[in-house]
Amino acid sequence: MRKPIIAGNWKMNLTLKDAVAFAEEVKGTVPASSKVDAAVCAPSVFLAHLTEATAGTDLKIGAQNMYDQESGAFTGEISPVMLKELGVTYVVLGHSERREYFGETDAFINSKTKKAFEHGLVPIVCVGETLEEREGGKFESVIREQTTNSLKGLTVDQVKNLVVAYEPVWAIGTGKSATEQDAQDSCKFVRDVIAAEFGTEAAEAVRIQYGGSVKPDNIKEYMAQPDIDGALVGGASLETGSFLKLLEAI
């Protein structure tokens, strides 16, 4: 039985004061980690404050990105060593916004994923198609390529322990959301691709999130699907009330 995982992706939002207040309010209220993994993936400048505020609780902290080197002349970048030292648990890699706005490739995401594992971080690897790709009948080829290339060279054990977030780009921050059946079919396809590459055991163990305008009023329908193990949530994770409602729905 795969444990559900709900991760908030705050993107470039909130202030430090708001972020710490969120953590202080939520950390004692989240369900036990034996039932569901709960995390918020925050801007890097908040991470030290948040890991300190949530230490010893069931609310885990994630980063939204990292570089694929431990150190060096990479101005503005953050290394996995730095994240691990701060007590970060998860790191989102390959989000569609990183792919679109910063030109991140599957190969770069793959390199980051391997480096995250080297340093004891849990990667949340994002894959997803645009509306144009879906309507053009390219969904399967795009998702197969992204999934295969982003996970290339990982061990079976690593695949079992990572998280894949399927995020249809056309449903992110648009208010549109895939139907629960569409989301299920898409997440099952991701699992099938992983099975073909890494075997059934890995595919049955890996947790797959759906991300795309998930809210408290629709999360139950998504979570009822057999191949959806959680959600990567944007806007609905910015307020304590809605974030806790997401967790209560599990």
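Glycine is treated like the rest: Cβ placed from N, Cα and C.
Residues annotated as substrate binding site in Swiss-Prot: Asn9, Trp10, Lys11, Gly173, Ser213, Gly234, Gly235. According to Swiss-Prot, the feature active site, electrophile maps to His95. Annotation source Swiss-Prot lists active site, proton acceptor at Glu167, citing sequence analysis.
Positions of the features from Swiss-Prot, shown on the structure.
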residue	record	Cβ contacts under 8 Å, 6 or more apart
Asn9	substrate binding site	Cys41, Gln64, Val92, His95, Gly211, Leu232, Val233, Gly234, Ser237
Trp10	substrate binding site	Ala19, Val40, Cys41, Ala42, Pro43, Gln64, Ser237, Leu238
Lys11	substrate binding site	Pro43, Gln64, Glu97, Gly234
Glu167	active site, proton acceptor	His95, Ser96, Cys126, Val127, Gly128, Tyr210, Gly211, Gly212, Leu232
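Across the binding-site residues listed here (Gly234, Gly235), the residue whose Cβ sits among the most other Cβ atoms within 10 Å is Gly234.
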